[in-house]
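Quick look at what TrEMBL lists:
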- ASP115: active site, charge relay system (ACT_SITE)
- HIS188: active site, charge relay system (ACT_SITE)
- SER471: active site, charge relay system (ACT_SITE)
- 42-83: domain 'Inhibitor I9' (DOMAIN)
- 106-510: domain 'Peptidase S8/S53' (DOMAIN)
- 583-689: domain 'Subtilisin-like protease fibronectin type-III' (DOMAIN)
Amino acid sequence: MNVAPTSSTWTNQQCQLPSLHTMIGTRQLYHPCHHQMISPVHLYSYKHVMDGFSAVLSQTHLSQLEKLPGHVSTFPESYGHLHTTHTPQFLGLNAYSGLWPAGKFGDDIIIGVLDSGIWPESESFNDRNMPPVPQRWQGMCETGTEFNTSHCNKKLIGARKFSQGMKQYRLNISNTNDYDSPRDFLGHGTHTSSTAAGSRVQNANYFGYAGGTATGMAPSARLAMYKVGFYSKDIRVIDAAATDVLAGMDQAIEDGVDIMSLSLGFKETPFFKNPIAIGAFAALKKGIFVTCSAGNSGPHGYTMFNGAPWLTTVGAGTVDRELGARVTLGDGDITVTGISMYPENLFISRIPLYFGHGNRRKELCDWNSLDSKDVAGKFVFCDYDNESSVFRSEDIYGTDIAGAIFSSAYGEFQRPAEFYLPFVTVNTKDGDLIKTYILNTTNATVSVRGFALIRDDDYLLTDYALVSGTSMSCPHTAGVAALLKATHRDWSSAAIRSAMMTTADVTDNANGRIIDMTTAVAGTPLDFGAGHLNPNKAMDPGLVYDIEVEDYINYLCALDYTSKQIQIITGTSNFSCEYASLDLNYPSFIVILNRTNTTTSKFRRVLLNVADTASIYNAVVEAPPGMKVAVQPSTVNFPGKYSKAVFNLTVEINLEVDSVARQSDYFGNYGFLSWNEVNGTHVIRSPIVSAIASAKNP
């Protein structure tokens, strides 16, 4: 096997788990078979994400390869997991003003989605009234199982699948529960795609729930699907092989996407071992904005995925509505209105009722308090709001009723938006806060596969589904990024991310601090990140914190990565660590308390004026007890567009640990730095957080 002196290889073998390895220019994914000799199998050659290839090699071949001049390193194959009718309105998007018309609804922007495939027949991917495909597009629509080139159009302009890595690990792609083609089976990729850029579809609903016009965040943008997630009949889950994900990202870069959306993640490792971090850095150098889901493993510390600072990582929360149903007990004796998404009306007879009368935790249906023997086979009532309950416990308790009528899709209720997030904690090496957003969406799914469980193994079909989690918040961000890129063609990915972060809302729609719904207390920036995405404010932030490729390299140098490790991430050996610094020009500030309650940290930041006029800004600090913040200078002047200003921030932390009400583990305290325009309307805000270092820092 010939290896270029500056190439990378991702190789695997047919007897056990493939491995990702990287070479001096050469990265390879191998699958060690000990002393067993097998013929090498080439999987992919990479052009952008690394200078190298992936292949299946025996241990003997691998050992020979690693001895070649120019070898950098090799890594084992790994596997990642796949982590609306109302949300555009909830996010403030309006057809006649703001970001939607300014960005022409995403016109001419191409969003590449790496996911489980797409169901092209969905009405969300119709191309009515769309102009021709942009001439710069280099992608294609490939054929495969129940998929051909005719399934693409002016909306879905590309569709490919990448399954070689999955197959080489002897994970047989299911013939009954998936397709070895770009076609989606489980609906995950169809939903994320339609959330990011689905066309407008009137009268969409989920069995009467959440009815309205379903539309993506950027309904005029184009979509390209890169299927990397497959259902394996051997392990019965959807997984994505690192080799396949890298191949999909490499192809998306080659095809010419503007935005890349990945609702999946791999186990957190150093950046030089993380395929998404590596692929996203290559995309960054091409000006491609990459957004990823943060995972659904919270709310505890160190549960976030996709933590590289050049990624825009998104958590999940709720929207301001709940979907209602009504239960009528007996002959109309009692009517209870509550929250449900059950898909059909029912008449229930001779089924006992259960309500945890007298035990507040059981009344709330706290699953840690309920006894399965008490509730099994019963109709369970939960009272989630004692002060404004829709029924009294006495109405239910002790009532002998022969039957009940369940009426589904009975109205909607407005409520404050809360956050249910992976706990966004920062470790002592990678000191950046990552922003988080929201979601709970009604969008397209696979229409021929049962989705709504009604009993046992009986499912109902639906064209549109209600889905939540960070997988669905991620494409919201991708769609908004498409709108921002369409509005500001000169903005970098870092500028887009900064605009989103510094204009995000940290209060809910009831004007209270965003709460963590798992604890029902006010969240902190370690929970909600920079805050809740506000697209219209992000369109015109006034100032941004921009970051160049060299800044990220200086950051990697300061992490004490070796030259080879930095080369793996950046794809180049032509760099210097002379200006190594962890103080990345990021729109947030983190102070790590490492076995101490007092410390002082200093930060340097550069602001870039992206407004059309000259301006002056004043610094405004919100600091709690135990935190002192000094900004120098406290007033900055911008003579015109693209002018810059430098400021220094000094943060002193002095915590009395016993008196600190820790709302979340690892949390110290937090404040905010805002820059307010003098005689203007622009305001940008960044969190300042002290966080307690984990003894089990990953």
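Here the Cβ of each residue, glycine as well, is placed from N, Cα and C on the backbone.
Note: the Cα of SER471 (active site, charge relay system) and the Cα of HIS188 (active site, charge relay system) are spaced 8 Å from each other.
The local packing around SER471 (active site, charge relay system), expressed as other Cβ atoms within 10 Å of its Cβ over all shown chains, amounts to 30. The Cβ neighbour count for ASP115 (active site, charge relay system), using a 10 Å radius and every protein chain shown, is 28. Reported as a whole number, the C-alpha separation between ASP115 (active site, charge relay system) and HIS188 (active site, charge relay system) equals 7 Å. As a whole-number mean, the pLDDT of the domain 'Inhibitor I9' (42-83) in this prediction is 84.
There are 23 other CB atoms within 10 A of the CB of HIS188 (active site, charge relay system), with all protein chains counted.
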